[in-house]
Amino acid sequence: MSSTPTIGVLALQGDVREHRAALEASGARAVAVRRPEELAAVDGLVLPGGESTTIDKLLRIFELYEPLRARIADGLPVYGSCAGMILLADRVLGGTSDQQTLGGLHATVRRNAFGRQVDSFEADLPFAQLDGGPVHAVFIRAPWIEDVGDGVDVLSRIPDDYPEPVAGKIVAVRQGSLLATSFHPEISGDRRVHEHFVQIVKES
Ligand code: GLN
């Protein structure tokens, strides 16, 4: 692959522009993906934050659901943030009755997990595989990961000094070339998560 990978951002709903800017700042060429032909042309893909139930429906309307599942099964590197993490997980708790996920990430995700008290908040989190200290994480009606299966590395958790039941919850994982975070690095100005994903795409 050339030294500048082409990374798509699924552009059906959500904070597409912020991810494109973060990817461009991290050494990738970022393109919007709305059609199967556009999906076929990317080296990696970001599933942005937004509303997972809406993106789930739009994936079908835009006839991207099956092609995207097929590319994930084929090893496409994908980074899912917040709603994108929900879409990437094999199982979702707290979804709507008809909500489905693309799957691929062997994990169970709980949607809108943080509840009213802390449904949007910011935190500095230790993050495995990244140099330079804690990552500044912005959570917006975020999911957490309830459990992980084989081959999934936990990269970040909510610190233990947070109140129960939030303390210790898993908020970032990696399974091979799949990366997922509960939070939104694309709006914090900390580029390290995007840089890490660009590196994963380059190495895949
Ligand atoms: N609560 C949203 C959902 O269920 C996710 C929120 C976000 O992406 N910031 O999809």
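Going from the start of the chain as shown, residues are counted 1 onward.
The backbone N, Cα and C atoms fix where each Cβ goes, glycine too.
Database features (TrEMBL):
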ACT_SITE  CYS82  active site, nucleophile
ACT_SITE  HIS184  active site, charge relay system
ACT_SITE  GLU186  active site, charge relay system
BINDING   GLY50, GLU51, SER52, ARG111, ILE140, ARG141  L-glutamine binding site
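TrEMBL feature annotations superimposed on the structure.
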{"residue": "GLY50", "record": "L-glutamine binding site", "contacts (Cβ under 8 Å, 6+ apart)": "GLN13, GLY14, ASP15, CYS82, ALA83, GLY84"}
{"residue": "GLU51", "record": "L-glutamine binding site", "contacts (Cβ under 8 Å, 6+ apart)": "GLN13, GLY14, ALA83"}
{"residue": "SER52", "record": "L-glutamine binding site", "contacts (Cβ under 8 Å, 6+ apart)": "ALA83, GLY84, ILE86, LEU87, VAL92, GLY95, GLN99, THR101, ARG111"}
{"residue": "ILE140", "record": "L-glutamine binding site", "contacts (Cβ under 8 Å, 6+ apart)": "GLY49, CYS82, ASP119, SER120, HIS184"}
{"residue": "ARG141", "record": "L-glutamine binding site", "contacts (Cβ under 8 Å, 6+ apart)": "CYS82, ASN112, PHE114, ASP119, SER120"}
{"residue": "GLU186", "record": "active site, charge relay system", "contacts (Cβ under 8 Å, 6+ apart)": "ASP15, GLU18, HIS19, ALA21, ALA22, PRO48, GLY49, SER81, HIS194"}
Cβ-based neighbourhood (8 Å from the centroid) of the L-glutamine site, residues GLY50, GLU51, SER52, ARG111, ILE140, ARG141 excluded: GLY49, CYS82, ALA83, ILE86, ASN112, ALA142, PRO143
Candidates near ligand 1 among the recorded positions SER52, CYS82, ARG111, ILE140, ARG141, GLU186, judged by a Cβ under 6 angstroms: SER52, CYS82, ARG111, ILE140, ARG141
